[in-house]
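The region 'Disordered' annotation in TrEMBL covers 1-54. Residues annotated as compositional bias 'Basic and acidic residues' in TrEMBL: 16-30. Residues annotated as domain 'CTLH' in TrEMBL: 105-151. Marked as repeat 'WD' by TrEMBL: 267-308, 312-353, 524-559.
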Amino acid sequence: MGVAEDSEPPLKRVKGPVEESKGLPEDHSTTKSVSCSLGDQMARPLTSQGDGETIGSQGVIRKAEFIKIITRALYSLGYDKSGALLEEESGIPLHSSVVNLFMGQVTNGKWDDSVATLRTIGLSDEIMKSASFLILEQKFLELLKMEKVAAALDTLRNEIVPLHVNLDRVHKLASCIISPSQCIRLGISGQDTEGTKSGSKILEKLQKLLPAAIMIPEKRLEHLVERALDVQREACVFHNTSDSDLSLYSDHQCGKNQIPSQTLQILEAHKNEVWFVQFSHNGKYLGSSSKDHSAIIWEVKEDGQVLLKHTLCGHQKPVLIVSWSPDDSQILTCGQDEVIRRWDVSSGKCLHVYEKTGVGLISCGWFPDGRGIFAGMTDKSICLWDLDGRDLECWKGQRTLRISDMAITDDGKRIISVCREYAILLLDREAKFDRLIEEVDMITSFSLSKDNKFLLVNLMNQEIHLWSIEGDPKLISEYKGHKRTRFVIRSCFGGLDQSFIASGSEDSQVYIWHRCSGELLLALPGHSGAVNCVSWNPGNLHMLASASDDGTIRIWGLDRFNLKGGEQSNGSNHQCNGRS
């Protein structure tokens, strides 16, 4: 490996400066004898129908609420007989008789009766007025539809306006009298004023407005269960399975076996150090580049096997990186201070060579629409070309460094590049406005998240920083533990919802952290040289690739995949059921 002067930042192959819930006691009494006066007894609120009873080991679940929510779920699922039976057997009705009367009146379109009943339920003045407005608005619209304009106007003037709520909406309703077409502009269709349908829709709106204790929300039980699953999932640091694997029968907890940690294959087709590796967007291919002046396209088979598809030759210098087109049909390769080549993935043929006289190219990427490419130059400029190599845009000045990763957001509006040793440029192409991420140490590489909201930045001081780049850049998390003293080491997002951070390391291991907590989960041995780059397969949550100075690429998978050892016929890779 070549060594440069200490004043230079770290190039790939250029050395830089060395550097349990708490429950109630088992023996406790639920009742106690007290002497009190008759007046004390009369002042105490009555507990009926189990309102004061609790269930569960912690005594925080009110029995009446629990039963009502189950009853509501039974009715929502269409089990009306079971719901009615539960109400009868428990003695706990889903709703009070007054609320049941009110709901029936609304459903049947008895607007005046329902407003009168609403006043007896015991609501706050604000809620009662808002609920009355919904009901009376429906009454007004139905009168208009029946062409009873005088009655509609009377309802508006003497019933709706005195409520003194939603005045803007009142003005719009008034305009419906003058111009019936205004109802359409308000989003009110004829179907909204048809009998039972209109009553049911109003009832749905009222359910969101009225207190839950009065009218149990639709699908409340489902919501509670989903929240419980969310809490369990968020607390699981190894969570890397689809939601379909979650079960209600037991608490969810993934083990380390959900993280790719077992070497399944060792790919050995490169003849020198492997500097870069990246899965295609669909996860069906893997691209790698090497100091041996070549790049390789690997194909990921349905059974998880990774096989050599094409070796891409033509560069006269080491290949720094590869970049997949948005549709994965083409791939770019960037030689070190040399040229960029565009290849057809299917045939392996070189389609175009991009170069600029007197200037070397050091990084590259694709337009989001796949109709052009961008490149970082050794003269610190950024250029955009169409596929035929015609210049589209160019930014001069210190827009990039001699060592530079680059990225462009999916909307094509922002180009991201390392512009100074300690800073990353967020260049807004439309607003012509620059933002900077300023770091505490020299930046060696970065990676953009799939949702374009976060940037993962590798630093010379053996730290990886996670930045939010929505609005003003903000540092979110830091990850430590891996080793980096001389070379460019790359990291990546990965796993379900990109919940993990993986990185190479100069100690020959792959490191994996939990993205939110920053906890170091695994350090994977196996390589015999520095691990330069890692890539997590976006199409397979349980597949990770790592590229190393030992000239190999390792494919990592789950422990349960105990593949039998055996040599592959093409001699380019072999399977492995261990870590070495």
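Note: Cβ is positioned from N, Cα and C throughout, glycine not excepted.
Note that TrEMBL annotation is computational and uncurated.
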Spatial neighbours of the repeat 'WD' (267-308) far in sequence, C-beta under 8 Å, 6+ residues away: 1, 12-13, 315-324, 326, 328, 331, 333, 335, 343, 345, 348, 488, 490, 529, 532-540, 543, 545-555, 557, 561, 568, 570, 572-574
Helix, strand and coil residues within the repeat 'WD' (524-559) as assigned by DSSP: 0 helix, 17 strand, 19 coil
For the repeat 'WD' (524-559), distant same-chain residues with Cβ under 8 A (at least six beyond the ends): 1, 12, 240-242, 257-268, 270-279, 281-284, 286, 288, 290, 298, 300, 304, 306, 450, 487-496, 500, 502-512, 579-580
Residues of the parent chain within Cβ reach of the repeat 'WD' (312-353), under 8 Å, 6 or more residues beyond its termini: 12-13, 275-276, 278, 280-282, 284-285, 287-297, 360-366, 368-370, 373, 375, 378, 387-389
